[in-house]
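**Q** Have a look at this one before I ask anything.
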């Protein structure tokens, strides 16, 4: 895909190599799709008639500990972009550093929060220094994919900063970060209707994010940038879900009507998402506009390609539409991935949480400041806080629990604390007893003004009868691969089920005959927790829904024996089920909701 002139925005129409170019784009995040399926998803994108791939780049995965970078395997961005080039797709890269994306802390690493004065997304020196070091590494990886031979035709400067806009020097700083590292490609910003009010930058094209064409949004963008090409950088093909509410759907016919009109006007488009995938592990984000709402594991998004990569009705309708913008017939659509409902497996071994504790520190500090992970702190998962009490009475969290805690007295569960429930009566008892709080980071907020306040764990005083508790022993339960490996090999697993199994780890074996196929895990009768298969963290499940499954990609299974470990907080069953079809729960039509309720 060699070129000399690149993508230009010098008139009312984009040009690529001097020829008019209509961007027909779609978002697929490489970090939400198993690497073994990158090719399948990109082939389906090409077969739908799209010509451009867009992806965010998550800083918190690429630099999980300060100064320790990872661009290998599942995070091999260079390989992903190169694969797009092989498919004949152009690429618009959205390197952040903030990406939103319904991703923990909007893609920013949690170790930034170790600085109590940190001001994220500003020119605060601690943030600037960290961004510079990260971008040095990132651009050493992607630079060969831009100049003359690469598929990257444009880069986005930050993400929806107009809705945040705390520091007028910040966006020029990020722009300079890109250009000083040799970026000569077209630069874009992307904002929703509200965010467009933020002043732009010379030489940077504004684009808009939307789902419906009310308020004359596109004309508003045209008026702001006369004689410039118009682009909807995020056309929301569906919406994301939060725990305890309904699954959002956006009916295919409603979506098609808007996309058709956008294309008829000659406006370029990027479908966000074309394929959503999965927020595997603990990486989901959260919303907080007065009420904290963590997002679910599935990032299906009701997108044209489903979470498991299947072509939906939306896909077929869009393919028919996009085919009208091509002179040649579109490529054949790849065959769907086979699914399989494996036989039910039964729990064989269990290991109590109390038998798995492996890390202790004597200070009641929040996750991010625990002296673990090369002093980059704990980013995700659970943290257990234990101290001694000599009486019962009123335990009050003073809203210092982030985000949810199960409370135990002498390892018997007595209740839970969260944002809504901040006080609990502890039973009376004689002598010294152990008070334990198992605190879960349910996901850091990824959008809005509260980014600096996303420390997790216990973030202030917890009081018993008005007296602050002290002398905590703290256990880091981040459930990283190294932890799970030690757990598996611990030799402490029990086979009798007389002793309590929750909170704790429960193990089963799945035997697979022949080549492994995609499947969905179902856990009816279970409460809340996380599932691991062959060491891969599939993400969280929670009986409150709407999501009632976990996607298990075939490439993460192997022929023969497979290990499943479930960490369950409150109630377990003796079996794990598999199905070919996901259950998204009750649905609600996005198009019938007032837009403000979505945000």
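From the backbone N, Cα and C atoms, a Cβ is placed for every residue, glycine too.
Those TrEMBL annotations? Automatic predictions, nothing curated.
Taken from TrEMBL, the feature active site, proton donor applies to 160. Among the features that TrEMBL reports, active site, nucleophile is placed at 234. The annotation domain 'Glycoside hydrolase 35 catalytic' is assigned in TrEMBL to 13-324. Annotation comment: TrEMBL describes 377-477 as domain 'Beta-galactosidase 1-like first all-beta'. Per TrEMBL, the feature domain 'Beta-galactosidase galactose-binding' maps to 503-562.
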**Q** C-alpha of residue 160 (active site, proton donor) to C-alpha of residue 234 (active site, nucleophile): distance in Å?
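**A** Taking the Cα atoms only, residue 160 (active site, proton donor) lies 11 Å from residue 234 (active site, nucleophile).
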**Q** Can you check which residue among the active-site residues 160, 234 has the largest number of Cβ atoms within 10 Å of its own?
**A** 234
**Q** Using DSSP, what is the helix/strand/coil residue split across the domain 'Beta-galactosidase galactose-binding' (503-562)?
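**A** With helix first, then strand, then coil, the domain 'Beta-galactosidase galactose-binding' (503-562) has 3 helix, 33 strand, 24 coil.
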**Q** For the domain 'Beta-galactosidase 1-like first all-beta' (377-477), DSSP counts of helix, strand and coil?
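**A** Here the numbers are 3 helix, 50 strand, 48 coil.
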